[in-house]
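TrEMBL annotations:
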TRANSMEM  238-257  transmembrane segment
TRANSMEM  269-292  transmembrane segment
TRANSMEM  304-326  transmembrane segment
TRANSMEM  347-366  transmembrane segment
TRANSMEM  403-419  transmembrane segment
TRANSMEM  431-451  transmembrane segment
DOMAIN    486-530  domain 'RING-type'
Amino acid sequence: MGLRPLRERDSVASGSWGDERLFLRRDDNDLSPYTHWNITGTYRGRWNFVESTNGSSRFLNFGKSNGVSVLELVSTPTKINGVHYVQGAIIFHDVFDNEHDLGAARIRVEGVYIWPFKQLRMIANSGTDSEPIQEEEYFLSNPYHLLGVFSSQVFPESPRDKVRRRKRALNHDMEKHCNIEISAQVSRVSSSQNDGERDRYHLEGLMESPAVDDDGECFSPILLNATSLNIEVYYNKAVNYTLMVTFVSFLQVLLLIRQMEHSNTQSGAAKVSILMIGQQAIMDAYLCLLHLTAGILVESLFNAFATAAFFKFVVFSIFEMRYLLAIWKASRPLNNGEGWETMRRELSVLYSRFYGILLGGILIMYELHNFLRPILFIMYSFWIPQIITNVIRDTRKPLHPHYIIGMTLTRLAIPLYIFGCPNNFMRIEVNQSWCIFLGVFMGLQASILLLQHYFGSRWFIPRQILPEKYSYYRRLENEMAQATDCVICMTTIDVMQRSNDYMVTPCDHFFHSGCLQRWMDIKMECPTCRRSLPPA
């Protein structure tokens, strides 16, 4: 009954606790009788019933006999030596609030930590008083908690950190009918090299709930086992992730430069699908917004996430938008000489469509946030428009092989980390089957593009259903079988040799095979009469 006055009491009667030295118990590991441990931090562990049967009440529905628990504790000294005041919250996962069915329940607690005996005693606190709650400030500065909230909003399919606040707290309803009491023993955990300088602690205790109105227990006794998390290690994980994103973005910039050099001509840029580049630009814009939002939410990690967001911004706003504009201009060669007003009007249409799709996609993902993984599959099908474009236009080598392989691998880095790494900092549940399916899906697209590059864009389509294609190696009539010069290299063409050594255009002009193929990589026009040429 005297928990809260401990913070405000200016003096304590000597008869209340007596001389400290009478009840202090010295441990072998302590350096002095007054050594205390600061138990402030985040603890993660498991809860389970003492008995094998599941429990439930009118407030909580324990669907399982055990589950994951997270404790957030803030310890502050009091006027009484040896006693610290503790505030915090306990989050029970795999427990269902009967009113909202959220998959997790949050109970606010307060109590005392008697550090000479390493004893922790807490009771439920409804938080209805007007006093400031220090654990709320700790939540707002704890990257573990803030990134958990962020990941639960971005990836709502993972219910680990989905804990919604109610206007009327769950504790307020339970306090009317239950006396929630928690007693735990605190012990120090042997630290490893990866733990840093901060000590780690282990809590092992019992949570009971005797009823106020003598109607029996509200739920069966629950065993709690939790170990403190090293926030520095968690912080380092988030920083390492942002370094990985920055490095991946840098590689994507190099791959884009290589691809832009590969298709630096008007004919080469026209072979690239504008939908493929636009889809990747929208993906990078979303990643830029997500990392910037995470940096704003977690102030201590702002610099790291802002750097990753900046590199993603550079990728999509400078390189991909520039390449998008080059492809758009190459696909409209007749409009280049129509004046600046026409060009500006069509450019405004292009940009309005891009940013309209970008904003519309945000609204769609907000409404369909429960179907995030199918949406990711749609976004990661960005190679399909290029495959279809190659088949329709029968284009030759529109993409560099390094660009295909490099973009496939770098695009897979972020989703495989989030959904495949068991120790990811966002605490998303691992789904190996989904990661394998995504990798196979992306590998299949890249394999088709590479086979189109080396064996032709229509290699997988039976010849019987293909449309008739012009043959540049057609046989010549006898009166045309005479020596002529190639206007590209200005050397003589011996038409009496093998037909594969020279090519004949539909307008009956002769060129060396290598000369005309290199020419068609730049322009699909006849070098002699400027007539349009069909695909080779």
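Quick reminder: no glycine exception, Cβ is built from N, Cα and C everywhere.
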Contact between the transmembrane segment (347-366) and the transmembrane segment (304-326) (at least 3 Cβ pairs under 8 Å, separation 6+): yes
Remote residues contacting the transmembrane segment (238-257) - C-beta distance under 8 A, at least 6 residues beyond either end: 143, 147, 284, 287, 291, 298, 301, 304-305, 307-308, 311-312, 314-315, 319-320, 323, 402-403, 406-407, 410, 413-414, 417, 424-425
Secondary structure content, the domain 'RING-type' (486-530) (per DSSP, counts of residues): 11 helix, 9 strand, 25 coil
